[in-house]
Amino acid sequence: MLPIIVLIGRTNVGKSTLFNILSKTRNALVADYPGLTRDRNYGYCYLKENKKITIVDTAGINFKSQKIEKQSHEQTLKAIKECDGILFLVNARDGVMPEEYEISRKIRKYEKKTILVINKIDGIKEISKINEFYSLGFKENIKISASHNQGINNLISKYLTPWINSKFKEKKLEKISQEHSKKEKNSVKIACIGKPNVGKSTLINSLLMKKRMITSNKAGTTLDTVLVPIKYNYKNYIFIDTAGMSKKKSKTNKIEKFCKIKTLQTIEKSHLTLLIIDAKDQISKQDLLLSSFIEKSGKPLIIVINKCDLLSLKEKKNLENLIKKQLKCNFFSKIHFISALNNEGTVELFKSIDTSYHTSQKKIKTSQVMKIMHKAVKKHQPPIINGRRIKLKYAHLGNSNPIEIMIHGNQVKNLSLCYKKYLKNFFYKTLKMNGTPIKIQFKETMNPYISKK
């Protein structure tokens, strides 16, 4: 296992900003808004080219009694228990706050290596304000400005690297890092998307068989995208929990806008997508828009109807027929009825995930593509335009993931949408794509008998 460093501190001290800089990603949502991070968010920091450590972004520690804050607090404590070291972040502009003495006491109970990171030092002229933090009693401390990338190299080279080298043998860590990178590369990435409160986080907890994600009846509990590795039947998967896609448009809510953008980016980066629908709400306009975006992204789609324990067999059948009717223009492999809370029907998901993933990765030969095109044309010829029949000459694979087929011919720009759809469906059924969308591009071939001027 890679060494684990956890980022701890109050809300809005810059943990997510530092997490993004150390991991060289934008995985953690950052805004001037307290309580944005709720679940543990894992990333990787490379100390050298072949040597990396795990870093964990956590929710800001506060001592409120609300349910979500309590669950966030529990997640942070779990991160401290499993880690090898702690970066305790404080805000230089605020000075020492009373909660930070309480946080210090909690950290010391676990007897973990701790480095005090005094963040947001840019523009601070009062040295006495920074010196206040020494009263927290940590021997090792460093001053940085995460948002200005100031002091980050010192943090890595003078603090993290020497400590990791003293605790872990270099060659062993390099080997672990390489094995981990290989495992991550071979993992199937699955985006879990849907409206707020449909049970995305509950589903991941059910598959993992432990409470990894924060859940509640309150819509919008998950704000960030969170990657959760799961091993099942000796295979590695990464499930990505996302913020619920709400149909409400709020001009003032920038957080909601950022969440939507990150969810759409997650779909594009994943191998396949689970569209989760609440059995009580049935399928909505928002679900249809999401399924359309998934198809345009070229990702396999699996429909998951959650909370199906509330439906009778007849209601399930009616809902299944309704979804098939509403999504008749979209490609999806299967409709799964589950109850994530009761762990019913969740194991069957892995079979569909494996089938859809392997289908999307299949290699298609040019000869096979040509053969299918000729079969399609023989069965239903292209239309005649201006006295001449549109001629499809040859076809080949343009891209493999997402699958894109290039068809060359004469007058292909005049092909009707109806005929294009016919070709698309013909290729889809013949290749047995099983929920994986196909893109078809048409290219006009040059007539060699027309002289070039």
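Heads up, the Cβ atoms here are built off N, Cα and C, so glycines get one too.
As annotated by Swiss-Prot, GTP 1 binding site applies to 9-16, 57-61, 119-122.
According to DSSP, Gly194 (GTP 2 binding site) sits within a strand segment. Here Swiss-Prot flags 194-201, 241-245, 306-309 as GTP 2 binding site, drawing on sequence analysis.
The domain 'EngA-type G 1' annotation in Swiss-Prot covers 3-167.
Marked as domain 'EngA-type G 2' by Swiss-Prot: 188-361.
The domain 'KH-like' annotation in Swiss-Prot covers 362-446. Averaged over the domain 'KH-like' (362-446), the predicted model reaches a pLDDT of 89.
Checked against Thr242 (GTP 2 binding site), the binding-site residues Lys15, Thr58, Ile61, Ile121 differ in C-alpha distance, with Thr58 being the nearest. Of all the binding-site residues listed (Ile61, Ile121, Cys308), Ile121 has the fewest other CB atoms within 10 A of its CB. Counting other Cβ atoms within 10 Å of each Cβ, the binding-site residues Asn12, Thr58 show the lowest value at Asn12. Cα separation, Asn12 (GTP 1 binding site) to Asn197 (GTP 2 binding site), rounded: 26 Å. With helix defined as DSSP H, G or I and strand as E or B, the domain 'KH-like' (362-446) counts 32 helix, 28 strand, 25 coil. Cα spacing between Lys15 (GTP 1 binding site) and Asn197 (GTP 2 binding site): 27 Å, rounded to the nearest whole number.
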